[in-house]
Amino acid sequence: MGSGWSSEEEERQPLLGPGLGPAPGAARRGREATAVLPAAGPNPGRVYGRRWLVLLLFSLLAFAQGLVWNTWGPIQNSARQAYGFSGWDIALLVLWGPIGFLPCFAFMWLLDKRGLRVTVLLTSFLMVLGTGLRCIPVSDLALKKRLIHGGQILNGLAGPTVMNAAPFLSTTWFSADERATATAIASMLSYLGGACAFLVGPLVVPAPNGTAPLLAAESSRAHIKDRIETVLYAEFGVVCLIFSATLAYFPPRPPLPPSVAAASQRLSYRRSFCRLLSNLRFLMIALAYAIPLGVFAGWSGVLDLILTPVHVSQVDAGWIGFWSIVGGCVVGIAMARFADFIRGMLKLILLLLFSGATLSSTWFTLTCLNSITHLPLTTVTLYASCILLGVFLNSSVPIFFELFVETVYPVPEGITCGVVTFLSNMFMGVLLFFVTFYHTELSWFNWCLPGSCLLSLLLILCFRESYDRLYLDVVVSV
């Protein structure tokens, strides 16, 4: 393990040399950002090759958390037959994800006070417990269902770290011209894990045959249960490997900071919340992120339920969900790399992405109402509209994260992103709560997509961007 910046107190102390400051006449935000500069210490700016290993381990953890969270939605028909799950159970299994964000602020405090290593180890340990709980062999179906729900709750508690810590990791380990890319990779891998659940589940677990005779149905139920347990054991093994790797090597931070922003002093936990809640610009852009991304996350979790009324099979629904998220991950990383090369364009990128998201979500919603709109309802149109929607929305996540941090700097990255992901999961949880009661007819859920995307587009248009952290790295360090 690399040597750390030795103590908690030292972590919050200035590390930059004297004489660094903004030119006379700089804007007020530039002066506020520069006020957090240290008074003495070595000049930072070194990056280490091990940063990619740290990013890989964190990304694999995020991938596994997304995979475990989305285990049940893509195989909901099979789970109903194997374990006697109801539509309420399936919605609740997905709902444990946003419920796991309720102690989000405790994880933000831990990340701010104890750093990456302690927080990541606790997160991975919770995932080991959760996936292990689902694998306990019991014959009582009622007890098995409780164990599965308990495992999903523990995995949901890992969500705050994998969703919030990406900008913190990128600032801690990466230089200014790599931060957006690192944030995109770390944050997108959780979505990619959820996408792989759409692929792995339906391919490994067979769909039930509702027309089979009674004896054949019992045999099919046992076979489906065995295949589901195979998936559960495989996920448990993957999580254990990742936990072992992070336990063996996951340094809290590099010996020297990679940039001026990484070395600068940050606001305290209490002052950070006061700054966030009093910043109207931050609240505006936070809602622009939380509402559509929360709606889309909940919609993706029950995509199979939504597509069943239009006669889309479990396997086809899985492929649609898979490619929509994979496309968003690829485009998101590409957009972040573009943002690293051409700085100060985050708002424009978001406007383009949400214009596309509004159009594609409207197309999908109207297509599902083909009896009224007479639009062609084919596999091609469903694939195209869902994939485009996933590409536009998922690829906006790392761009939003970078804009949040720039807007409220010097608030710590973990606290900033923790607040917005908490809001996103709150909206997701509210929608999934309604799904547990109104799961027989979900056309209303489809209309939430274009409405939330349009609202977000209007909020982004009214938002006035600023780049306080970038000012430190590009101007002050010159």
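Just so you know, glycine gets a Cβ as well, placed from its N, Cα and C.
Both Lys113 and Leu276 are recorded in Swiss-Prot on the same side of the membrane.
When you go through Asn209, Asn394 in Swiss-Prot, the residue listed as N-linked glycosylation site is Asn209. The topological domain 'Cytoplasmic' (406-414): residue composition by secondary structure is 5 helix, 0 strand, 4 coil, according to DSSP. Within its own chain, the topological domain 'Cytoplasmic' (174-184) has Cβ neighbours under 8 Å at 45, 47, 51, 55, 166-167, 258-259, 261, 332-333, 335-337, 339-341, 397-399, 401-402, 470, 473-474, counting only residues six or more beyond its boundaries.
Counted over residue pairs 6 or more apart, the CB atoms of the transmembrane segment (385-405) and the transmembrane segment (315-335) come under 8 Å in at least three pairs, which marks the two as touching. Model confidence over the topological domain 'Cytoplasmic' (251-281) is summarised by a mean pLDDT of 83. Listed as Cβ neighbours of the transmembrane segment (230-250) (distance under 8 Å, sequence separation of 6 or more from its ends, same chain) are residues 1, 53-54, 57, 60-61, 64, 67-68, 71, 116-117, 120-121, 124-125, 127-128, 131-132, 134-135, 200-201, 204-205. Within the chain, the topological domain 'Cytoplasmic' (336-347) has long-range Cβ neighbours (under 8 A, six or more residues past its boundaries) at 177-181, 183-184, 398-399, 402-403, 406, 460, 463, 465, 467, 470, 474. According to DSSP, the topological domain 'Cytoplasmic' (174-184) comprises 6 helix, 0 strand, 5 coil. Across the candidate stretches 52-72, 185-205, 282-302, 315-335, 443-463, the maximum count of CB pairs under 8 A to the transmembrane segment (348-368) is reached by 443-463.
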